[in-house]
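> Encoded as C-alpha cells, here's the structure I'll be asking about.
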Amino acid sequence: MADQLTDEQIAEFKEAFSLFDKDGDGCITTKELGTVMRSLGQNPTEAELQDMINEVDADGNGTIDFPELLNLMARKMKDTDSEEELKEAFRVFDKDQNGFISAAELRHVMTNLGEKLTDEEVDEMIREADVDGDGQINYEEFVKVMMAK
C-alpha cells in the first residue's frame with residue numbers, strides 16, 4: 001500500500017510523524033496523538049484516540065510506528081471522501097471562519113504543531129499557495145496545494 005507514495009510524500013509524512021512523536025522514540029502513543037489533535041482544535045476522548053491507534057496498529061503493540069502511519073496515509077489518500085477531509089482541514093486553519101487562511105492563522109496552527117517558523121517561512125508558504133496574489137489562501141488555493149502533494 002505505502003509503495004504507492006512518492007518519496008516527497010514519504011518525506012512529508014516523516015516530518016509530520018516527528019511532530020506527533022514528541023519524545024522521539026519512534027512510536028506515537030494515544031497521549032501524543034491526543035496532544036496534537038487538541039492543538040488542532042479537536043477534542044477526542046481516550047476511547048476515540050485508542051480506536052484511531054488500533055485502526056493502524058498492525059503489530060498490536062498499542063502505538064503507531066512510521067511504517068504503520070505510512071499505510072494509514074496511503075489508505076486515506078485512496079479514499080474518495082477526501083473532499084470532506086480537505087474542508088475540515090481548511091476549517092482548522094481558518095480560525096476566524098472568513099473563508100481565507102491568513103499568515104497569522106497559518107503561523108498559529110504551525111506553532112501549535114510545534115513548528116517554529118520565521119515570518120519569512122510563513123510568507124513563503126502563503127506565496128507558494130496564493131494563486132490570486134491577495135496575500136492569503138482561499139479554499140480553492142488550499143485544495144490545489146493539498147492535491148499537489
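A Cβ is built for glycine as well, from the same backbone N, Cα and C atoms used for every other residue.
According to Swiss-Prot, the feature Ca(2+) 1 binding site maps to D21, D23, D25, C27, E32, an assignment based on sequence analysis. The Ca(2+) 2 binding site annotation in Swiss-Prot covers D57, D59, N61, T63, E68. The Ca(2+) 3 binding site annotation in Swiss-Prot covers D94, D96, N98, E105 and rests on sequence analysis. The Ca(2+) 4 binding site annotation in Swiss-Prot covers D130, D132, D134, Q136, E141 and rests on sequence analysis. Look at Swiss-Prot and you will find 44-79 tagged as domain 'EF-hand 2', backed by sequence analysis. The domain 'EF-hand 3' annotation in Swiss-Prot covers 81-116 and is backed by sequence analysis. What Swiss-Prot records for A2 is N-acetylalanine, and it gives similarity to another entry as the kind of evidence. What Swiss-Prot lists as N6,N6,N6-trimethyllysine is K116.
I'd like to know what surrounds each of these features in this structure.
All protein chains shown were included, and the count of other CB atoms within 10 Å of the CB of D21 (Ca(2+) 1 binding site) stands at 21.
The number of other CB atoms found within 10 A of the CB of N61 (Ca(2+) 2 binding site), across every protein chain shown, is 11.
Neighbour density for D94 (Ca(2+) 3 binding site): within 10 A of its CB lie 21 other CB atoms from the protein chains shown.
The Cβ neighbour count for Q136 (Ca(2+) 4 binding site), using a 10 Å radius and every protein chain shown, is 19.
Sequence-remote contacts of a segment are chain residues at least 6 beyond its ends whose Cβ falls under 8 Å from one of its Cβ atoms, and for the domain 'EF-hand 2' (44-79) they are 1-2, 4-5, 9-10, 13-14, 16-17, 26-30, 33-34, 37-38, 85.
Sequence-distant neighbours of the domain 'EF-hand 3' (81-116) (same chain, 6+ residues past either end, Cβ-Cβ under 8 Å): 19, 22, 36, 39-41, 122-123, 125-126, 134-139, 142-143, 146.
Here the Cβ of K116 (N6,N6,N6-trimethyllysine) has 9 other Cβ atoms within 10 Å, regardless of which shown protein chain they belong to.
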> Between the Cα atoms of E32 (Ca(2+) 1 binding site) and N98 (Ca(2+) 3 binding site), what distance do you get, rounded to the nearest Å?
30
> Quick check: of the binding-site residues listed here (D21, C27, D94, D132, E141), which one has the Cα closest to that of E68 (Ca(2+) 2 binding site)?
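That would be C27, the closest of D21, C27, D94, D132, E141 to E68 (Ca(2+) 2 binding site).
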> Once near-sequence residues are set aside, which residues in the chain of E141 (Ca(2+) 4 binding site), 6 or more away, have Cβ atoms under 8 Å from its Cβ?
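Non-local contacts for E141 (Ca(2+) 4 binding site): A129, D130, V131, D132.
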> Cα distance, D25 (Ca(2+) 1 binding site) to D57 (Ca(2+) 2 binding site), nearest Å?
16
